[in-house]
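Visitor: Dropping the structure in here first, questions after.
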Amino acid sequence: MELLKDKIKKEGRVTEDNILMVDSFLNHQMDVEFFNEVGKEFKDRFKNDQIDKILTIESTGIGLGIITAQYFDNVPVVFGKKIERLPRNKREEVFNSEVYSFTKKTIYNVVVDKKFIKPGEKILIVDDFLANACAVFGLIDVVKQAGAEVVGVGIVIEKGFQSGRAHLEDKGIRVESLVTIDKIEDGEVYFK
């Protein structure tokens, strides 16, 4: 997606430790016009698939999910909540998956209320970044617990130098990334 590459080149910044920051348009301040283009692109890539719901994870994924849903006949958007500890009295009410965050070096629970994903539903997962796929696997686990089906995973920015895609494809999961970064080196972003 050339628009996304241009946004990254113009508005993205690379920190001293080679981390790409896209907070000016994606994951802090959200560029709604750009998000609409993302939604259209995901629709184009999954146009031949039945999508009953979009599943994402808080917080950046919520905006992406809502706008993307408009291009899939306004299907509902469900988001996994990140919590440190699952209260005992909630365990029977939710689907829960433990996820390791490489960014924060901690384990958290992704929870979705059982009433929001039903057996047999066709689910499209969307998220802002794909690195090691830990968050995506947490969402896939939630979908499986519900007896639903993952149609595919839509990713805005894939870190192609990390193993997320390979892990997902090894499990037969379709991955559609709008842009793939080959490497980040000396403050520069290189695309595949």
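The backbone N, Cα and C atoms fix where each Cβ goes, glycine too.
Copying in the features that Swiss-Prot gives for the protein in this structure:
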BINDING   Leu20, Asn27, Lys159  xanthine binding site
BINDING   Ala131, Asn132, Ala133, Cys134, Ala135  5-phospho-alpha-D-ribose 1-diphosphate binding site
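For the listed features, I'd like the structural context: burial, neighbours, distances.
Guide: Listed in sequence order, the residues of the same chain lying 6 or more apart from Asn27 (xanthine binding site) and placing their CB within less than 8 Å of its CB are Thr60, Asp128.
Remark: Ala135 (5-phospho-alpha-D-ribose 1-diphosphate binding site) has Ile57, Val99, Ser101, Val110, Asp127 as non-local neighbours, by Cβ distance under 8 Å and separation of at least 6 in sequence.
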Visitor: Taking the Cβ of Ala131 (5-phospho-alpha-D-ribose 1-diphosphate binding site) as the reference point, list residues of the same chain whose Cβ is under 8 angstroms away and which are at least six residues distant in sequence.
Guide: Phe102, Lys159, Gln162, Gly164
Visitor: Which secondary structure state does DSSP assign to Asn27 (xanthine binding site), in the simple three-class scheme?
Guide: coil
Visitor: What other residues of the same chain, not counting Ala131, Asn132, Ala133, Cys134, Ala135, have a CB atom within 8 A of the CB centroid of the 5-phospho-alpha-D-ribose 1-diphosphate site?
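Guide: These residues sit around the 5-phospho-alpha-D-ribose 1-diphosphate site: Phe102, Leu130, Val136, Phe137, Gln162, Gly164.
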Visitor: Which one of the binding-site residues (Leu20, Ala133, Cys134) has its C-beta surrounded by the most other C-beta atoms within 10 angstroms?
Guide: Ala133
Visitor: Going along the chain, which residues six or more apart from Asn132 (5-phospho-alpha-D-ribose 1-diphosphate binding site) have their CB under 8 A from its CB?
Guide: Phe102, Gln162, Ser163, Gly164, His167
Visitor: What's the CA to CA span in angstrom from Leu20 (xanthine binding site) over to Cys134 (5-phospho-alpha-D-ribose 1-diphosphate binding site)?
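Guide: Leu20 (xanthine binding site) and Cys134 (5-phospho-alpha-D-ribose 1-diphosphate binding site) have their Cα atoms 19 Å apart.
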